[in-house]
Amino acid sequence: MDLEKAASSCNSTKKGSSHCLQTAPGKSTSEAPAPSADPHIDTGLLPWLQVLGGHLLTVNSWGYITSYGLFQAHYTETLGVSPSTVSWIGSVQLFLIFFLSTFSMHALTTGYYRHVLAVGIVLQLVGIFTSAEGTQYWHFFLSQSLCQGVGMGLTFAPTVGLVSSYFVKRRAVAIAAIASGLNTGGVIFPLIAQQMLPAQGFKWSQRTMGFVIMLNSVFAVLLLKPKPPPSSNARRIIDMTAFTDRVFVTFAIGLVLAVLGMYFALYYTTPFAEDILHVSSTTSLSLLLTLNAIGLPGRLIPALLADRFYGGLNVLVPVVLCTAILNLAWAGVHSPSGMWTWAIFYGFASASVQTLFPSTLVALTKDKTRVPVRVGMMFTLLSVGCLAGPPLAGALIQAHSGGYLYAQMVMGSIMLLGTAFLVLARFLFAGFVAVKC
């Protein structure tokens, strides 16, 4: 919600329904926070240097993860295992990023951010350089899933929390700028693979990616400046009151279902293009690169709309719905040209989903001192969807003898159910009143 335009906050219905917000320009509420004494909130160079540092770390984590489609195809071909089995490498890595967020966020709120950041970076580098030497499935599971996954989990969420602490009015845009590191990395890493895999092989492709991550990490450590630890509310590991908050619970369920269905397409775009459409590996990597690149405007445009006009939840609901429909529409893709068109739309919509939910959760949390803990909790809850989604899709593909129809229908339907829960969260928060939320 835009706190500058907030006019009044009220509890709706006699049964204790949640609060809603009516807008009235020029007025403010008693609940609106007083102007921050911190001169660096929203202004000056320092907040945007934090965004740059966060962007670089997102390149290292999410940029690498969203390029997993190239590993999915490579491992299936070279290791001789099923797509469902290979999916566990990426899904466990994704699970650990989210699952560890509650605990790594606690490091930020207790003043240990730099310690955790250093450990996370070291683990990520050890994981990527050792995976370059892997020859068997368990090598890649240990190095890429566990070692890199833990490293990314220690760096990602507290960095988002750190950058968020420098913004109020432009928080959604700042988070979108951090998240766009996914698209930067989603272009860089497939390009490295595209150029180096045919000529230098897998080992040097991985090592080159490792050197890129190492350089980004050095600059990020120099740029990021954590603030002093906040209030005691923010120092908790778990906020038990969140589970009695109907808005938080329904919002969390909706997001878990959305995430469960969404990452299927991001992981299986490359295998689908090669196995079903019979395009070359070079073309399939270009397709993945395009899907990731188009996500940049997919992050920034909805974030600007959310900050300036509509609010995060009002934008999040339609983009989750669009992503669900595109998952279902994927079943109608039977040609390379259709796949290129689909990838452009899916890349835009899915990027919006990934960007909007942190700032939306901030807006839906009445007590702002609880925001860091709840953001960490939300990431951890989302880990369930990340862990289950890709392997479930792989099992459905295997059950259909290599066909994708079952997976496309199930994953799209799961996202539609997630959309329904997000609509319910919006109703519980503000009813059917046309407000910015």
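Each Cβ is built from the backbone N, Cα and C atoms, and glycine gets one as well.
Caution: TrEMBL annotation is automatic and unverified by curators.
Since we're looking at a predicted model, the values are computed, not measured.
Features reported for this protein in TrEMBL:
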| type | residues | note |
| --- | --- | --- |
| REGION | 1-37 | region 'Disordered' |
| COMPBIAS | 8-31 | compositional bias 'Polar residues' |
| TRANSMEM | 45-65 | transmembrane segment |
| TRANSMEM | 85-105 | transmembrane segment |
| TRANSMEM | 112-132 | transmembrane segment |
| TRANSMEM | 138-160 | transmembrane segment |
| TRANSMEM | 172-192 | transmembrane segment |
| TRANSMEM | 204-226 | transmembrane segment |
| TRANSMEM | 247-270 | transmembrane segment |
| TRANSMEM | 276-297 | transmembrane segment |
| TRANSMEM | 309-333 | transmembrane segment |
| TRANSMEM | 339-364 | transmembrane segment |
| TRANSMEM | 376-397 | transmembrane segment |
| TRANSMEM | 409-435 | transmembrane segment |
Stretch with greatest number of CB pairs under 8 Å, the transmembrane segment (409-435) reference, 112-132, 172-192, 309-333, 376-397 candidates: 309-333
Result, the transmembrane segment (339-364) in contact with the transmembrane segment (247-270) (3+ CB pairs under 8 Å): yes
Proximity of the transmembrane segment (85-105) to the transmembrane segment (276-297), 3+ C-beta pairs under 8 angstroms: no
Segment-segment contact (the transmembrane segment (204-226); the transmembrane segment (376-397)) at 3 or more Cβ pairs under 8 Å: no
Criterion met for the transmembrane segment (45-65) and the transmembrane segment (172-192) (at least three Cβ pairs under 8 Å): yes
Long-range Cβ neighbours of the transmembrane segment (172-192) (under 8 Å; 6 or more residues past either end): 47, 51, 54-60, 62-64, 66-67, 70, 159-160, 163-164, 166, 205, 208-209, 212, 285-286, 288-289, 291-293, 295-296, 299-300, 302-304, 306-307, 312, 351, 354-356, 358-359
